[in-house]
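TrEMBL lists A:85, A:242 with the feature active site, proton donor/acceptor. If you look up TrEMBL, you'll see A:117 marked as active site, acyl-thioester intermediate. Annotated CoA binding site per TrEMBL: A:208, A:247, A:251, in sequence order. What TrEMBL lists as domain 'Hydroxymethylglutaryl-coenzyme A synthase N-terminal' is A:4-174. The domain 'Hydroxymethylglutaryl-coenzyme A synthase C-terminal' annotation in TrEMBL covers A:176-321.
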């Protein structure tokens, strides 16, 4: 098999249920102060699933969307990998379930990748590596990142959401994946589901926020070092973040922006509001240029865990001039 | 990063608890006929876990065995992937938990791979592909395949077992992974855990046996086609099977042997006992030469799901002349 080049994203399909809750209605229903969810979390709506869909069906929906919209036969697919942390039962993989939609095609690798919201990203990395490997069979890869985020009554509930993303991976792609990357993984009891009979996670938002900001900060630091970029501005044309809720995205942006300014302006103090006032002129255009468009879908859908980062990419492609994104 | 060559298995560590049940004692306890488990399933003992270990701890055990026995620092590791279908809670990945043993090493990719007993094999394939990919960071990879197989009272119970395998992957390995392979995946309700509060799977052995034999048969057929091997005998020096129980391994061997004989001897009839008698002379040495040594550990430990195939490899290496295996 000859080595493929320019491996990346050929197509990106999104599925969100048509039902949703207005966050301002939810504030009212929960008897919370006006603006707690809409301004405090930055969310405007939240997608909701009914009882006739589950993680298997929404994953199948994006798989079939990819096959039908892009005229792909099952026999052209050599690998399907699902990133999810939503479990229909405690053993059967969503990947096996999806095989029932691929009649007569049995030689399809890939499993369900399972690691908090990171499963979808690892599924993407694995699929691209498979295509670069000596075992590639010349076929296309599909990555599905899907989750149903349900929280029990309380502070985490308004950040729930549901969505599935299907990504078609192949050579000569308009969106090529760069081989340069860095990761940060740490053990924390920020989010887990220790009660087997309950769908609800135990969430400690404090740990989640800290762990995520530490990861974002360290990864940008590593990327600056690896690329030799002297300023944050020089590092990429657009930035897509995982978006558990909109304000978290802003926090992540401010974290790396303040890291960047601290490293260049010795008197910059991230805790001093006046310092922020002075540099606001620098930060606002940077946010608008690199981040804002990628956050629009997430504000309306909520956290979809594994698919969240890819929904940000979908949002960027939907609201930015697509040709410009692909050329950059 | 220069391209690595001869990527494969540098080390293979096995962990099995010291506690076990004798299968003949279990026959007696279950008031079953003598030989039902020992002859019918071909199992002699079954490893048992206590209440002070779980999937995270046994996975950590083999991780630490690999690091300590082979003098590996966490900073030398670039990827850890766990193949398992044993869930401690419904969200937290065993991979994240293992990060707590790798102080100051945060840039470690890999997640938990989840797909019935196949998760460990996919974890191995993903890790080798990562090492062959343009994103490889020059570090070593670790694959852990571990499971605790518990069944409720009834026919499946004596095939349970527990075990964890840790595999160190790197270049210039004594056991190099060939890039030639083929897969068979099909959706079947043979094994699933639809009751969230229960550890026990629902098992339909009939579906499992059929699906597995179909897969083994199709994969050998594909491999014969891909390699141009005219007879089964020409296809590999040793064969390691997934081993839910010893008799299943024998069934798999007989399936491919009878496929092979049917394709070469037009009058061979797999259902005719006399035909088998005639070719027994051909089959018995083939089994002894290629399969038997790989099945010895599994007979004593039971089914360990994701690690089962790798325990067969460990068994082969333990009972066959290791240098001969590595040279072949």
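Every residue, even glycine, has its Cβ placed from backbone N, Cα and C.
Nobody curates TrEMBL annotations by hand; they come from automatic prediction.
Locations of recorded TrEMBL features on the structure.
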residue : record                                   : DSSP (3 states)
A:85    : active site, proton donor/acceptor       : coil
A:117   : active site, acyl-thioester intermediate : strand
A:208   : CoA binding site                         : helix
A:242   : active site, proton donor/acceptor       : coil
A:247   : CoA binding site                         : helix
| request: Would you find the one among the recorded positions A:242, A:247, A:251 whose Cβ has the most company, meaning other Cβ atoms within 10 Å? | output: A:242
| Given the CoA binding site residues A:208, A:247, A:251 in the record, what is the largest Cα to Cα distance, rounded to whole Å? | 13
| Within reach of chain B, those recorded positions of A:85, A:208, A:242, A:247, A:251, CB-CB under 8 Å | A:85
| query | Tell me which residues of the chain lie with their Cβ under 8 angstroms from that of the residue listed as 'active site, acyl-thioester intermediate', as long as they are six or more apart in sequence? | reply | A:85, A:147, A:242, A:244, A:305, A:306, A:308, A:309
| query | Including all protein chains shown, what's the count of other C-beta atoms within 10 A of the C-beta of residue A:85 (active site, proton donor/acceptor)? | reply | 28
| task | Using a 10 Å cut-off, grab the number of neighbouring Cβ atoms around the Cβ of residue A:208 (CoA binding site), all chains included. | result | 19
